[in-house]
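Feature annotations, courtesy of TrEMBL:
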type     : residues : note
DOMAIN   : 17-397   : domain 'Major facilitator superfamily (MFS) profile'
TRANSMEM : 20-39    : transmembrane segment
TRANSMEM : 59-76    : transmembrane segment
TRANSMEM : 83-104   : transmembrane segment
TRANSMEM : 110-130  : transmembrane segment
TRANSMEM : 142-163  : transmembrane segment
TRANSMEM : 169-191  : transmembrane segment
TRANSMEM : 212-233  : transmembrane segment
TRANSMEM : 253-271  : transmembrane segment
TRANSMEM : 278-295  : transmembrane segment
TRANSMEM : 307-330  : transmembrane segment
TRANSMEM : 342-368  : transmembrane segment
TRANSMEM : 374-394  : transmembrane segment
């Protein structure tokens, strides 16, 4: 029998500890792409191709995406602080081993284990944030954890590249180990213990509920749509403005800026019962993708302001995608509060798998249509996400404040 939830007054005091959970998402998200800027160095050192080196990111993402719901169910009964500290310490150990390995096969195996461990940390951090907050502040709490991942792209990954320049590619993994260890220490010292859930493996059954499936579908489609552009940002920017190399980083920074704009919007919508209006977010993403298609097709060729239009399109689409994150997470927790660890893990999986699918579809679209195909693929995925959101409203009026 599950323990009754803490009273609102007690939760109000404990919710002040939520920001420390952002350290967990910052540490895990940093190591996802920590070596992406150092693939040439890694390939040279290990005597492999750059394409092979790139698989260290792929194996991490796939391990995370495919294992997260099942591992969340298996560890659902574990106290949350103990789980977070244990998995972060494991990540520190694994990254330390990667930093000293000289075998590509061993490195891939260690990265696979890292992905599985991270797949337990990120959903557990989000579920713990939800458990420490009152329902009216749940969106804000979840947004705080998501913001940790955003900071990883803005600060963690560049720090990894800097560590790689100073200490070689192994230094990037050394940094990842230190960040995981620091997050574990902060959580151990500052976070109160939060009981696990009693759903266990039975919690997986909640993934078959209609409302849960529709919500996960929107996550998959929306982040897939966003990644259609993100995965090919370099060629897209070059087509419109001719910018290359480090100059593209300015446009990539817009994605980070978009997340900072979108996350508070999603938190506000979640805390003010605006879930029934979430269809507007993928709808705006469709319009942004159509505008981007026109730009990539040459509609603004020769215009000095073309790069500004492209920046605005990327900013708006990215903000909408990131706004969906806390909004959809809050809906899942409201739908299945007794198995929030499992459904939030499934949401993380949907996000990772959606990004992989978006990149794949965009690649196919480029072959068929040219670089503007990335916008066509993104528009298609966002349009389907919009339809699912409308369908969810029509079929779930009783969960309007979910």
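All positions are counted from 1 along the displayed chain.
In case you wondered, yes, glycine gets a Cβ from its N, Cα and C as well.
Tertiary proximity for the transmembrane segment (342-368) is limited to same-chain residues at least six positions away from its ends with a CB under 8 Å from its CB atoms, namely 61-62, 64-66, 68-69, 71-73, 76, 119-120, 122-123, 126-127, 130, 199, 203-204, 206-207, 212, 215-217, 219-232, 325, 328-329, 332-333, 335-336, 374, 376-378, 380-381.
Summed and averaged per residue, pLDDT over the domain 'Major facilitator superfamily (MFS) profile' (17-397) gives 85.
Panel annotation: around the transmembrane segment (110-130), residues 18, 21-22, 24-25, 27-29, 31-32, 56, 59-65, 67-68, 71-72, 75, 80-81, 83-84, 87-88, 90-91, 94-95, 97-98, 101, 138, 141-142, 144-146, 148-149, 191, 194, 329-330, 333, 340-341, 344-345, 347-349 of the same chain, lying at least six beyond its termini, place a Cβ under 8 Å from a Cβ of the stretch.
At the 8 Å Cβ threshold, with sequence separation of at least 6, the transmembrane segment (253-271) lacks contact with the transmembrane segment (59-76), having fewer than 3 such pairs.
Contacts between the transmembrane segment (83-104) and the transmembrane segment (374-394): absent, as fewer than 3 C-beta pairs lie under 8 angstroms at sequence separation of six or more. Scored by C-beta pairs under 8 angstroms, the transmembrane segment (278-295) has its highest count with 374-394, from the stretches 20-39, 59-76, 169-191, 212-233, 374-394.
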